[in-house]
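Colleague: The following feature annotations were taken from TrEMBL:
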type	residues	note
ACT_SITE	E272	active site, charge relay system
ACT_SITE	D276	active site, charge relay system
ACT_SITE	S475	active site, charge relay system
BINDING	D517, V518, G541, D543	Ca(2+) binding site
DOMAIN	199-563	domain 'Peptidase S53'
SIGNAL	1-21	signal peptide
Amino acid sequence: MELPACLLGLLALSITGKCSYSPEPDQQWTLPPGWVSLGRVDPEEELSLTFALKQQNLERLSELVQAVSDPRSPQYGKYLTLEDVAELVRPSPLTLHTVQKWLLAAGARNCHSVTTQDFLTCWLSVRQAERLLSGAEFHRYVGGPAKTHVVRSPHPYQLPQALASHVDFVGGLHRFPPTSSLRQRPEPLVAGTVGMHLGVTPSVIRERYNLTAKDVGSGTTNNSQACAQFLEQYFHASDLAEFMHLFGGNFAHQTSVARVIGKQGWGRAGIEASLDVEYLMSAGANISTWVYSSAGRHEAQEPFLQWLLLLSNESVLPYVHTVSYGDDEDSLSSAYIQRVNTEFMKAAARGLTLLFASGDSGAGCWSVSGRHQFRPSFPASSPYVTTVGGTSFQNPFLITNEIVDYISGGGFSNVFSQPSYQEEAVAKFLGSSPHLPPSSYFNASGRAYPDVAALSDGYWVVSNNIPIPWVSGTSASTPVFGGVLSLINEHRILNGRPPLGFLNPRLYQQHGAGLFDVTHGCHMSCLNEEVEGQGFCSGPGWDPVTGWGTPNFPALLETLLNP
């Protein structure tokens, strides 16, 4: 039997142009602001690259996620184990054999897989990597607030055509670490002092969302929660202890993180890293907390991708994960976005609740063929995560009703179609909102977000032993909502129920029961004559600015406790 020409080319590693393909032809490559090239990397330097292998049975995985996440299903709450997921999605023997043979022939070494066998991370010299990935050219870059060093290729890479049915993409070539959009806003002007608060603290959060001193973890369950950080930032244990000393006096709490996954260095603490930990552990008080830290990873690794690998390699994980990472949808390749979305499906099948910040750019804005459009964010736009928007107090110094925080990210995906669980809610919004932007600005049939919201404006944070006021962003609202869900998981576990898992199907079926509806305010968008900086506006029920609203803990607990 004769072997096809391209397969012969693969085995011989003699790749010609017509026998190669680009896995990520639509991956944008622009050097982010503040980053500069330090030149080509030495050919003998070692690189760590991650190969995403084609998975199997993805339609079946989608069906199982729906079954275990829908309260109307007899399978509700009967989550899969990591081993179950691995059995389902693991690449075919042909894929595993073909890719491993290709990598070994190229000189790859120290290759490590994950439990699901759908990622393979290997070490190669730069010379070997550039020969393996036709067109790639590795440069070292430095940038970001922490002057981070990364190794990336400014040119697209190609793979042998024979690998097209075996490899989704190669990680570590193009995408740069994200930057924080947290802001320290000016202190609002105030008249009068009666009943005032001077910024959002845990006691303000707990009063607004009706959490009493008794609404804390019991310390008797295996319940846990986690936040993940990708900003080359550290949190300091001493900051957490000082924060709880200053602001945790009226509720039982833990003063230290139970587990750090990744390297936790000794550099200056980052405000976002400090914020995540401090508010997850004060909203989800007295619950064991893990922190995923990407600091100290190899220069060629993508921090977010490394976190996804960790999820595919640990059979026991916290039930709730809060993440404040996001990129413009249009800046990412289709292969990458679709594969990351599959990773979220794997997490949902296992009963994990993934919460992502909706972003801090309102509806966003970019120009396509000379016309302005809104600019959705990913992973906020994934149909398999719960996305958290942001609110402000109507009176910034009083614990009052909430209104839209104008930065709150929200809108409609240009990649993912609208999931069935939200069709009714979105149709109602589009049919009743008196302030809709022109239809050319958004994809009304796309996945709409956010799903929920919480306060995102005016937080106190302790970082590098200094209390810092007026910190704002959906990076604040996300751990707060995550902590509230962890408290509900605590009650469910004590009552013999499974954890909440992927929340959205239930959330939309219950029409936002247990949440404070936010009905006033609009978020920002394109500064042009047509929309004049205004995106979508909130209204009764679900809206693409604050979702279904913010948590009212006793009512939300009653809504989500059973079954």
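Just so you know, glycine gets a Cβ as well, placed from its N, Cα and C.
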Colleague: Hey, for the Ca(2+) site built from D517, V518, G541, D543, who else sits with CB inside 8 A of the CB center?
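Modeller: Those within range, site residues removed, are G512, T519, S538, G539, P540, W542, T546, G547, W548, G549.
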Colleague: Nearest to G541 (Ca(2+) binding site) by Cα distance: which of the active-site residues E272, D276, S475 is it?
Modeller: S475
Colleague: Looking at Cβ-Cβ distances, which residues of the chain lie under 8 angstroms from V518 (Ca(2+) binding site) while being 6 or more apart from it?
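Modeller: Spatial neighbours, sequence-distant, of V518 (Ca(2+) binding site): T391, E402, I403, V404, A453, S538, D543, V545, T546, G549, T550.
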Colleague: Take the Cβ of D276 (active site, charge relay system) and count every other Cβ within 10 Å, whichever protein chain it belongs to.
Modeller: 30
Colleague: For the recorded positions listed here (E272, D517, D543), tell me which residue's CB has the most neighbouring CB atoms inside 10 Å.
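Modeller: In terms of Cβ crowding, the pick is D543.
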Colleague: I need the CA-to-CA distance for S475 (active site, charge relay system) versus D276 (active site, charge relay system), whole Å please.
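Modeller: One finds 7 Å between the Cα atoms of these residues.
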Colleague: Cβ neighbours within 10 Å, counted over all protein chains: which one of the recorded positions S475, G541 has the most?
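Modeller: Sorting the candidates by Cβ neighbours within 10 Å, the top entry is S475.
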Colleague: Distance between E272 (active site, charge relay system) and D517 (Ca(2+) binding site) at the Cα atoms, whole Å?
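Modeller: Here the two Cα atoms lie 27 Å apart.
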Colleague: Please report the Cα separation of D276 (active site, charge relay system) and D517 (Ca(2+) binding site) in Å, rounded to an integer.
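Modeller: If we compare the Cα positions of D276 (active site, charge relay system) and D517 (Ca(2+) binding site), the gap is 25 Å.
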